[in-house]
Ligand SMILES: Nc1nc(=O)c2c([nH]1)NC[C@@H]1CN(c3ccc(C(=O)N[C@@H](CCC(=O)O)C(=O)O)cc3)C=[N+]21
């Protein structure tokens, strides 16, 4: 093992502590408790576990959670109606629709029912555009968490070649946009990419977001590369073959303890951002 670990746990704890302090101030000065609504469709046990983790960590930070659980047979119209209710509820500051949803549901339509002011998970087209333009706004939780981790470890991005493996709408694609906004030279790789190992060997920064356990091998990496493993496969296994990669990389995220806690920390931070904005827009109006 020669690589240094990019540990998310401590940084995330720091971010959550700061969010908790801001939540306390909102409560004390305005009597408002930030509230994150989570929406889970169906009974996938892994998804239920992630949602529970988000709720538990919210609670520790003084953020209320409102849990909506819908049956697996829910239609797009029913889900959109539920999310619209949350969008219209002034007590709710942030909304998270857990991905994936069952196949009969149009996930994009459901995401777009989230009020952009409450899109603390950064999944709407409005938030995507802000990331693509490098404008302020909510970041998709995992990509935003990755950027904070890279910044904390002083990873140089300007002019660096970043290869993002995966192009999903709330992970790979926005991650590439944020890297581009930081002046990296970004290549998106995906299931149709030819000669993937060779391409990855040209990367200074690798973002693995494919959802295949131990997919990225040590001999795919340029010595000294920075490796971010955004995979969350069964049994807490990442997308990167950690034992091999950590012999070649300069910096690497562990799984668990890397990107995962940063994702949740950013979600909570952005929930408090949303609550502050809501409170301040009310006090300005008054
Ligand atoms: N709309 C939406 N937004 C998401 O952000 C989202 C989603 N859907 N669907 C599922 C994935 C998965 N995800 C994780 C978050 C934290 C950990 C995490 O903290 N994992 C711990 C280990 C898990 C444990 O301690 O049990 C770690 O890496 O240290 C993992 C996975 C967010 N996701």
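In case you wondered, yes, glycine gets a Cβ from its N, Cα and C as well.
Record features, source TrEMBL:
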type: BINDING; residues: 166, 167, 168; note: NADP(+) binding site
type: DOMAIN; residues: 8-121; note: domain 'Tetrahydrofolate dehydrogenase/cyclohydrolase catalytic'
type: DOMAIN; residues: 140-277; note: domain 'Tetrahydrofolate dehydrogenase/cyclohydrolase NAD(P)-binding'
Cβ packing number for residue 167 (NADP(+) binding site), 10 Å threshold:
18
Among the binding-site residues 166, 168, which residue has the fewest other Cβ atoms within 10 Å of its own Cβ?
168
Can you break down the domain 'Tetrahydrofolate dehydrogenase/cyclohydrolase catalytic' (8-121) into helix, strand and coil residue counts using DSSP?
61 helix, 18 strand, 35 coil
Write out, in the order they occur in the sequence, the residues of the chain not among 166, 167, 168 that have a C-beta within 8 Å of the mean position of the C-beta atoms of the recorded NADP(+) site.
164, 165, 169, 171, 172, 173, 188, 190, 209, 210
The domain 'Tetrahydrofolate dehydrogenase/cyclohydrolase NAD(P)-binding' (140-277) [mean pLDDT, rounded to integer]:
98
